[in-house]
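These features come from Swiss-Prot:
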type	residues	note
REGION	28-71	region 'Disordered'
COMPBIAS	43-56	compositional bias 'Low complexity'
MOTIF	80-108	motif 'Q motif'
DOMAIN	111-287	domain 'Helicase ATP-binding'
MOTIF	235-238	motif 'DEAD box'
COILED	664-715	coiled coil
COMPBIAS	699-708	compositional bias 'Basic residues'
REGION	699-755	region 'Disordered'
Amino acid sequence: MRRPRSRGAAKQTRLREADEIRLLEAWIDAGKPARGTRPPPLSKSSSSPADTAAAKRGAKGAGGVPSKAAGEHPEYGACARFDELPLSNKTKDGLRKAGYTEMSEIQRAALPHALCGRDVLGAAKTGSGKTLAFVIPVLEKLYRERWGPEDGVGCIVLSPNKDLAGQIFNVFQKVGKLHGFSAACIVGNRKGLDEEKAVINNMNILVCTPGRLLQHMGETTNFDCSQIQQILVIDEADQVLDKNFQEQVDNVVSQLPKVRQTLLFSATQTKSVKDLARVSLKDPEYISVHEEATTATPDTLEQYAMIVPLEQKLNMLWSFIKRHLKSRILVFLSSVKQVKFVYEVFKKLRPGISLRCMHGRMKYEVQQAIVAEFKEGHSVLFSTDIFARGLDIEDVDWVVQVDCPENIALYIHRVGRTARYNKRGKALIFLCPEEEKMLEKLKAAESKIPIHIKKPNTEQLQQISQNIASVLVQYPNLQQLGKRAFVTYLKSVYLQSDKEVFDLSRFSMENFAAYAASLGLPVTPKIRFVSHKKNVPKKYMGDIDVKRMKRSSKPEVIEINPQAKSNLIEDDGDYDILYPKEQQTDVNMADGLDDVLYPKVSTADTNNEPEKVTQLGNKSVKKKKLKINVHRPLGTRVKFDDEGHTIPPFASIAEEVGSGDVIDKDKISQRYAEMLREMQEHDKEDKLEHKRILREKKLQKKLKLKRKRNEEMDAGSENSGSESDRDQRTASKGKKRYFNSDDEEGSKDAAKDGDVLAQQEALALKLLSKMHS
């Protein structure tokens with residue numbers, strides 16, 4: 001059994017830590033780098049600067065901290081190893097046990113400035129070690145401040161999603177396990193909110209999502225970060241500071257102290273003054289270690305693009321998986337319904353490799369279990385963009401993007417799931433012919449993305465549309481899921497802001513029908529996109545009054561050309577249609593507008609007048625609310641008859657009275673007296689009837705009690721003999737008898753029987769008296 005430490009040993013430990021902190025602070029102040037400086041690149045022959053040898057020559061105390069007697073504090077702004085930094089012994093031991101010895105470029109550039117207490121805005125390629133670049137400063141900051149459980153929250157790390165927050169928390173556990181700090185991972189969509197509220201005030205480090213943290217700030221008792229918080233870290237800062245998290249982040253930052261250290265890291269960093277002012281960055285150090293690099297992606301990443309028609313994407317994906325059964329593949333799709341549908345269908349078709357899917361609607365524990373299973377061996381993971389940022393999985397061989405990303409930054413984050421930490425990886429993206437503009441943007445000089453075009457091998461392309469259709473017949477629920485996948489994909493394309501790449505009008509009706517057939521659907525689902533007129537392409541607007549459209553706030557329907565509408569087989573499902581039912585049948589459009597989307601045009605008046613866009617309401621039209629004129633004079637209500645003529649307000653309910661009709665008051669009073677007399681007679685009858693009913697109820701109750709008493713007496717007579725008979729006779733003499741009027745004959749017979757019995761008893765007594773005499 002381990003013996004507890006004595007008070008003297010604990011005191012010696014505190015003194016030793018105080019001396020170490022004092023030496024570390026002196027070292028940091030003496031050797032801190034100048035603002036705006038960056039470490040020089042390392043030469044291949046040496047792994048550390050020249051002054052590293054002097055630092056290793058015995059000018060160290062215990063654990064690698066320079067002793068006070070040495071009188072020197074080596075510079076650490078250009079070191080290459082973690083043990084050359086002014087770090088505590090506990091942090092160095094944790095790094096060594098976790099296997100971290102050499103620093104990456106972002107760590108060499110960011111750690112010296114972060115250890116000095118400066119705000120840092122860091123950007124580096126995916127997989128370059130950004131997480132460790134802020135974990136170490138957090139641990140050292142709290143250690144030098146002698147932070148303990150009673151001090152409360154000292155650091156908050158914000159993450160855009162649950163999975164990345166869990167990954168950051170694991171790094172804190174590995175590196176800081178020798179420290180005595182308490183840490184918690186606080187994310188949404190998981191159970192245990194009450195348990196979190198009970199312990200959150202005792203936590204020193206919180207790794208959380210903005211929404212969950214804001215919930216605790218508003219609901220948890222005594223949870224206050226306005227005075228004690230020391231350091232704020234935002235990972236994937238460009239996404240956290242995006243408009244999707246804007247309100248949450250602003251509310252969180254408003255409750256934090258103004259004096260603090262702030263660290264921001266991401267692969268695609270923002271330098272917007274407005275965004276940086278929101279998190280109160282003060283004179284930050286801008287660190288972009290790969291800013292001068294020739295590529296924005298890792299050098300070990302091979303990137304390919306393939307032009308694939310929309311209806312051939314699933315066939316191409318299936319063929320690709322069948323040719324790479326010994327690989328670990330990550331597949332990105334644009335919507336949750338697509339992920340579910342492709343996963344379920346491919347699972348039924350059995351490609352010969354394990355399949356998994358992950359999306360944002362899963363519980364946090366389920367997501368963690370799926371990630372752990374995906375790390376084990378060869379597998380295919382279908383995912384939404386929840387997996388695109390920050391998650392670290394080793395040895396991902398291929399990243400396949402079936403759907404086009406919304407921008408260059410998302411593309412970089414997606415392909416960054418492979419080729420991490422100088423390992424090799426490959427990425428492939430499927431682009432429709434209508435999306436070739438994205439390929440031009442990827443190959444542009446400012447993007448720095450070396451991507452190669454790869455032609456599909458049609459000979460090895462496997463057609464699985466019929467197989468998918470047979471699966472949908474066997475599993476009807478998958479057919480509904482396929483319809484939703486079809487709708488959500490078109491909706492995702494329609495809602496994208498970059499219309500140079502995502503323009504739904506470039507797709508023809510044949511494309512939609514073929515895409516639905518590739519999903520195994522027997523008919524093409526109907527969808528309705530309601531949009532404002534400002535989203536209608538200008539080349540399809542003709543002579544429409546643009547100024548009038550800008551003033552209008554009513555929704556407008558974008559419909560498909562009626563000439564191409566006949567090529568589709570309509571579906572009677574519960575999906576809205578992309579086009580409304582046409583009000584006119586004679587619609588003539590130019591040949592160049594066939595099979596494309598164009599604004600609905602009214603043909604009510606076509607006599608040499610410019611065509612105007614007809615405003616169509618939604619399926620359920622709401623009635624316009626009428627306003628009451630409060631300034632109108634009283635008594636001015638107006639009503640109309642069936643012919644539209646004005647009538648007095650109460651004329652419609654008044655009775656028409658002839659001119660010869662006269663009201664007779666005597667007849668009215670006579671009728672009233674007659675009714676009163678009838679009511680009095682009925683009252684008398686009702687009272688008599690009520691009395692009779694009460695009398696019968698009372699009699700029935702008495703008879704019931706009598707029968708019960710007689711039964712008890714009969715039972716007692718069997719046990720007590722003649723004594724019981726005497727009691728019965730006595731009781732019968734003193735009690736009254738009640739008989740119904742309908743049973744008079746029975747009562748007379750009973751009286752005769754009683755007289756005979758009395759005579760017999762008297763005779764028996766007489767005989768007994770003679771015998772005794």
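Glycine is treated like the rest: Cβ placed from N, Cα and C.
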Using DSSP, tally how many residues of the motif 'Q motif' (80-108) sit in helix, strand and coil.
17 helix, 2 strand, 10 coil
I'd like the per-state residue tally for the motif 'DEAD box' (235-238) from DSSP, helix first, then strand, then coil.
2 helix, 1 strand, 1 coil
Within the compositional bias 'Basic residues' (699-708), how many residues are helix, strand or coil going by DSSP?
10 helix, 0 strand, 0 coil
